[in-house]
Amino acid sequence: MGEKKPEPLDFVKDFQEYLTQQTHHVNMISGSVSGDKEAETLQGAGTDGDQNGLDHPSVEVSLDENSGMLVDGFERTFDGKLKCRYCNYASKGTARLIEHIRIHTGEKPHRCHLCPFASAYERHLEAHMRSHTGEKPYKCELCSFRCSDRSNLSHHRRRKHKMVPIKGTRSSLSSKKMWGVLQKKTSNLGYSRRALINLSPPSMVVQKPDYLNDFTHEIPNIQTDSYEAMAKTTPTGGLPRDPQELMVDNPLNQLSTLAGQLSSLPPENQNPASPDVDACPDEKPFMIQQPSAQAVVSAVSASIPQSSSPTSPEPRPSHSQRNYSPVAGPSSEPSAHTSTPSIGNSQPSTPAPTLPVQDPQLLHHCQHCDVYFADNVLYTVHMGCHGYDSPFQCNVCGCKCKDKYDFACHFARGQHNQH
């Protein structure tokens, strides 16, 4: 019974020696302890350990396993973090700070037993061991590429699939499950966009924009539930695109998907004898612009029936390709304020072979040169080139030209000599 009483005292003594070894190791790294004191302290600690019959764990293992233990000799910042003595790095745990100090000291305790490889980080050694075992746990979700390191997989995604890693809050769903959903969705969608993928679950919900509330109730055979179910339906007549090109959060993508549904509807109130001419002259077209990476603009025109009015129908060109500007007239609706070329009575899968023809009534006309301008700014700049006294006199240099051809050649040469 008398031999068991000193055991608590011996345990406290051994624990104090254990802390002394840790403190001594850190001081040895920082260079604050001389070599003679180091040898004496280590020899004394080893002698006491042999006398007590206890085997103390190594310093390297103890630092990793007891990251929450505070070690004397480290300076703390104002927020309680442990600060590095060589730079401004600070960490809450001791283990991470010790790993950081190895960058300055060059210490590499983690060594490979198959080759001379050594590293200051245990995770680097684990990645190196996969080169010996041939294990490749990281797989690309878009192709059959496999690698042994996460950084190689990120480099492969940026180089092959043009994907940029997105910084933000992590989703509750796993990345593999989200990639499966994105791949399934890209196989159904037919409109291409640049790769802008957000792994948050709310981004998969297609919301109805507020600026569509003004005219969705007036479009025939289009209901609200059909727009809300766009994420589950497959638009007809879509162009086959690369599955990598997917955009979820852009409202323009929602408009283009709605345009695909509008184009799939059969036209109403149309004269079968003359398909190129609108039957009702009071119908106003509605255009939805769809920008793409190839700079190809495609729009879908849907007929919106208006109330009957006693006004006489206005003559329209017989071609199917038209351009509508914001100055279409007082009868234009506020929703059709976007000036985009449209292709009438055609599916989105049919590319436009030629540029749309401008309506002469909607353009700005220079009566001197007989030139039409679709933009008011270009028209104003052009009219400023004509002189005030003579229409074919250059307003820049005062050169008098014979006719409109000589006037155009003068500005094409750009030789404005002041007289």
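Keep in mind that glycine also has a Cβ here, set from the backbone N, Cα and C atoms.
The stretch that Swiss-Prot tags with region 'Disordered', taken from the ranges 147-169, 216-238, 262-284, is 262-284. Per-stretch counts of Cβ pairs under 8 Å to the zinc finger (82-104) identify 110-132 as the leading one among 110-132, 138-161, 364-386, 392-416.
Long-range contacts of the zinc finger (392-416) within the same chain, counting only residues at least 6 positions beyond its ends with a Cβ under 8 Å from a Cβ of the stretch, are 368-370, 384-386.
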